[in-house]
Each structure stands twice: as structure tokens, then as C-alpha cells.
Amino acid sequence: MAVDDYEELLKYYELHETIGTGGFAKVKLASHLTTGEKVAIKIMDKESLGDDLPRVKTEIDAMKNLSHQHVCRLYHVIETPNKIFMVLEYCPGGELFDYIIAKDRLTEDEARVFFRQIVSAVAYIHSQGYAHRDLKPENLLIDEDQNLKLIDFGLCAKPKGGLDYHLMTCCGSPAYAAPELIQGKAYIGSEADIWSMGVLMYALMCGYLPFDDDNVMVLYKKIMRGKYEIPKWLSPGSVLLLSQMLQVDPKKRISVKHLLSHPWLMQGYSCPVEWQSKYPLGYVDEDCVTELSVFYKCSRTSTSRLISEWNYDHITASYLLLHSKKSHGKPVRLKRPLAVGDQPVTSFKELRPKSTLDFEEPNCGEIAYVFGSMEFSDDELFSEDFAYSCFEPHTPKEYVKGRSEFHSVDSAPSTPVVQRYARHKSEDKENCDAALGKDENVFLHPAPWTPTPRRKQNEKKGILTTPNKNSHTKEKNQSKETPTKKPITTGEELANVISPERRCRSVELDLNQAHVDSAQKKKGAKVFGSLERGLDKMITMLTPSKRKGYAREGPRKLRAHYNVTTTNIMNPEQLLNQIVKVLPSKNVDYVQKGYTLKCKTQSDFGKVTMQFELEVCQLSKSEMVGIRRQRLKGDAWVYKRLVEDILSSCKV
């Protein structure tokens, strides 16, 4: 875990705070130096990935080949001896799930807006030969303009046999899985996605799942029966659409093609859902080419040719981010970075990668790596090395809508499935190579490293330390800190607590566990916590504008987003004390640092079942005090119920 791993990355990006983290990956907010645009950088450790390393190919290949207004955009891929960096579109609005929590449930008009965007994204990926196979609110991010972006393609499948190819792998989240998957039958990926979309639509409009139970086998029986409650507030049109998607027999389910112009989705709209991409990969913008050629002192012809190679190197990233600026109405201009010790880049020649990204041909059966399902180590979450973060939302707007027709999606039934537990060595028979004609090399194996012992954990659980309210620090310094364990989310107000009868929870287990012996389950990913924390500190020192010795003494000022609950309490210390008093009664352990409480729950056997953060904050445009809530690990619906219970007990 040498700093050398970050050398290439730091040529082009300034790293900010950690906004998501896990056992083998973390996500950092960053700024692209030449455009100034914000990006999210997913940092994966090869050693921690282990046998899942080849499965990174599934995620990266899919994102290289998918370019759509409702799919999260990949900008840049960097490989070093120990790390893989994926530079992605930054979506500050957080998970769609947070929006559901804030609203309790969505009105049909709100749900229709979001669901049209979901249908658009899914229809597009099906038309490209992919099935997502892990559709759920946690895998949909909201941008600054309330538009959705589909993420997490680690379980996607592109069958070698085409869209009619039947799949066998059982994967995804149990509560969203189609009956044919949990029965272990061969299935068509696109049909399974339609079922998941039905569950997702129900969750949007009801605020809870149609099929849910503590016991996974009971949950499976409910799914296979296909019977669910129909709340009185649902309109006849929405009830009909749900029944058409949640058909136990996949052949009776509505197709994506018919979804595009379904009467419920057309209500209030003059045209069917627009599924085609607004920015196909073949298109190169002339204004962006001109700016890049002038900036790097290269001919327009050479610049256009380099962009058209779509190598997902810094050239690709610079072009895509510059084009994003143009779509926002911003000036199409690049700025020359002058980082300490860096020489300005003067030509594209200097930007060409020293080596291309290498992939390893999958030889580990049907193992799948899910980027969005990060596991957290207790040492990392409850460590002494805790910092705060503050950032301003900023994300590209959606392109202007245009009319389009859908041609062949309903003939795109199948998509592959990849198991997390299978460890036998065999070819990946379901996924065809998404990057035809591109490098067929393999990921380089990680270089040997010498482990460094962890530092002692001196934090004590459940100890309240009232922050010093007399000291103040400038807001601009907060955004330069490099904190840990805070995924992207935003939110407004928590309202309309779910009724007591909604107490059953979704089971966040591998679907595979129903069909496989426990000896086949893979071991937990290793976490190099102390090494990562030390590296974060080194990066903080090396990155310009980082300030040593920064400490926050008062509550942060935040915008009233979807994951911030407003309260009627004006004193932040009083609110903090109320939360601390309530947590033990809910069997929640916590570690406090300033105004943030890092919380976790455990099973009777000591296994961590839930990890989340509660932070007392000041709302930036008022004198009101709020609570920022953030799920880090565990079932999303159990988290929703628990946080609502805590806030209700605090009487905020």
C-alpha cells in the first residue's frame, strides 16, 4: 500500500473526503484538476479483492459500453500494482432509498417521474444486451436535478448466447429476486429485472416491501406465491401495473417494450418513455475537441482521434468532464493545474498511459463482485481515526429530452448471473466479452507487501464528550479534510413514520445460501485498515490545500437534504444528549466524536448487523438544528425502521 499507488491518480485529481467505504473498496470525493469538476473515485485494493479480482472486468466492461442519461458514467480507469481506481460521475443527491425515508412514501406523481427514468435506464441496458440483476433503491442515485442514475453493475450479465440465453446463477437481493431465481430454475435476465422493477415501484409508492419477512425461507414462500397487500391509497392504474410486473410466471410478465407506453407511465406525458441514449459514445463534440487541442498544443485531428479511442484514460476523462461542463452551460475551458512539485502538462503525449489496463480472463466460475454492497470492518468503523467531511453538491444536469422509439427490447429476455459463493475454477460461460476488439490482457496481480500492525483502538463505546462550543473553524477548511466512512446521501425531512404493523424486515443474505452448503460460502474480505488510514494521512500532506491540525469544535452547517431530519430543538448540545440517552434503550452501541455518533447493532452472537451514523448539524439557511443520518452497513429497511424509532423516541 505504497503512496506510489496514488502517484498516477494525483497527477489528475485532488482527493477530498471519503464518502463511502468497505472491506476491499472505498469511495472518495475528488476534483478533476483541469476542469474543476467533482468526481467520485472508487478505490479497490487488489490484495483484498483476492479471487474476486477478475470480476472487476464485469463492472468496468459494462460501464465502458453503457452511455446513457440515467446510467452513472465511468470517466477514467487507473491500475497500479496494488490498486484499481475507477473515476465515476459524482451524484450528490444520494440513494433513492434516502428519498423514500424522507417522504415515507412517494405520491404517484413523484413515483411516476422516477419510475419513467428507471424504465428508461433498464430498457437501454437491455437493448445493449445486459441485465442488471440487482435493481433496488440503494442502487439508484439522485443527482442535483432530481434525476436518477443507475449504479452497481457488478452482478450484470451479458450472455454469450444472446438475449434469449437462459441463466442459472442465483444472485441479487432476496427481497427483490424473482420467483424463478429463488427456485433455482433457468431464467431470462431481462424478465427477472422486470420483477425487481415491480418490487421497486411498490416500495416507492408504499414505503415498504411487498414481500418481506425475518425468516428467509418464509420470504421465499411469499415471493413464490406472489401475493401481496394492496394499500387503499394506490390507484387502479398503479395496481394494474404492479400486477403485470409481479407475475409469478415470467412469461406472463409485461415486457419492457410495453412498459414504455403503459397508460400509467403515460399519464401526464405526451410521449412514451425515452429510452435511447442522449449521448452515444461515437459522438465527439467539436467545441470540446478545440479546447483540448489548444490546451495541450495538439492538432484537432490528433485530438479527435485520441478521444475516439475511448481508452478511459485521462484523455477520455478530460473530454467527458469538459462535455459535462458544456451541457451545464458552463464555459468550455480548461485550467492549468499548478500543484506543488508538479510540472504543467503541455501535450497529449505526456498524458498517454504508460501501460494499458490489464484484465484477467475469468477462471473462477461464476463468482461475482458487487461494488455497491460494501462490507465494513468493526475496526475501521469504530476506530480512533475518525474525521469529518463537508462538501457542496454538484452534478451534471440531464440532457434535453427528445422523442425516440424502442425497437427490440422485448426480444432481449436474457442476461447472466454470477454467484458470490462459487469458488471452483471454470470459465465464465454466461458473460460474453463486452469489450470486443479491445485488450484481452489480465489484471496484474498485486505486488507483495509487508503488513503493518494496527494501532491500538482507544475509543470507548457509549462515552459522551460534549463538544466545545466556543471554538470555531472556517467552513472552507471542512471540505479539505479526508474523513472516513461516509457514503454519499442527501435528504430533507423524516415524515409519516411507518405504521406498527410494518415490522417485518428484508433479509440481506446471499440468495445463494438457499441452494449451497455453508462450506461453499466465501470468507470475509480482509481489511487493511491501519495501512489505509496511514495512506490517507500521507495523501492529506501531499495534496495541496490540505491543512494539518484542523479540528472542528462546533456542529457542521449542512443543507436540508433528504438525509437530514429537521428538529424543533434549537440547542445542538441538548439534541445530542437526547440521542445519546435513547440509543442504549434501542440496543445500539455508539462511539462519539464531536457531534457525530457512529452506531452499530449486534446479534445475540455478537455479529454486527447494522452500522450507521447520526450527526447533529446546523442547517445552513436557518437557525434550526438537524440530524444527518447515514446507513453504512445492513438491511436498508431495517435501518429505516430503527432510525425512525430512535428519532420518534427523541421527540424531535
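Please read every residue number as a count from 1 along the shown chain.
Including glycine, each Cβ sits where the backbone N, Cα and C put it.
Because the structure is a prediction, the values reported are computed rather than measured.
Marked as domain 'Protein kinase' by Swiss-Prot on the basis of sequence analysis: 13-265.
Per Swiss-Prot, ATP binding site is recorded for I19, G20, T21, G22, G23, F24, A25, K26, V27, K42, and the stated evidence type is sequence analysis. Its Cβ taken as reference, I19 (ATP binding site) is surrounded by 25 other Cβ atoms within 10 Å in the chains shown.
Positions annotated as phosphothreonine by Swiss-Prot, on the basis of similarity to another entry: T169 (among others). Under the DSSP three-state reduction, T169 (phosphothreonine) is assigned to coil, being neither helix nor strand.
According to Swiss-Prot, the feature phosphoserine maps to S173 (among others).
Residues or ranges marked as region 'Autoinhibitory region' in Swiss-Prot: 328-652.
The annotation phosphothreonine is assigned in Swiss-Prot to T415 (among others) on the grounds of similarity to another entry.
According to Swiss-Prot, the region 'Disordered' annotation covers 443-492.
Look at Swiss-Prot and you will find T450 (among others) tagged as phosphothreonine, backed by similarity to another entry.
The phosphothreonine annotation in Swiss-Prot covers T452 (among others) and rests on similarity to another entry.
Residues or ranges marked as compositional bias 'Basic and acidic residues' by Swiss-Prot: 472-484.
Among the features that Swiss-Prot reports, phosphothreonine is placed at T482 (among others), with the record citing similarity to another entry.
Among the features that Swiss-Prot reports, phosphothreonine is placed at T484 (among others).
If you look up Swiss-Prot, you'll see S499 (among others) marked as phosphoserine.
Annotation source Swiss-Prot lists phosphoserine at S506 (among others).
Here Swiss-Prot flags S518 (among others) as phosphoserine.
The feature domain 'KA1' is assigned by Swiss-Prot to 603-652, with sequence analysis given as support.
Nearest Cα neighbour of T169 (phosphothreonine) among the listed binding-site residues (I19, A25, V27): A25. Comparing CA positions across the binding-site residues I19, A25, V27, the one lying closest to S173 (phosphoserine) turns out to be A25. Counting residues of the domain 'KA1' (603-652) by DSSP class, helix then strand then coil, yields 15 helix, 21 strand, 14 coil. A simple way to gauge crowding: the CB of A25 (ATP binding site) has 22 other CB atoms within 10 angstroms, across all the protein chains here. Taken as a whole, the domain 'KA1' (603-652) shows an average pLDDT of 85 in this prediction.
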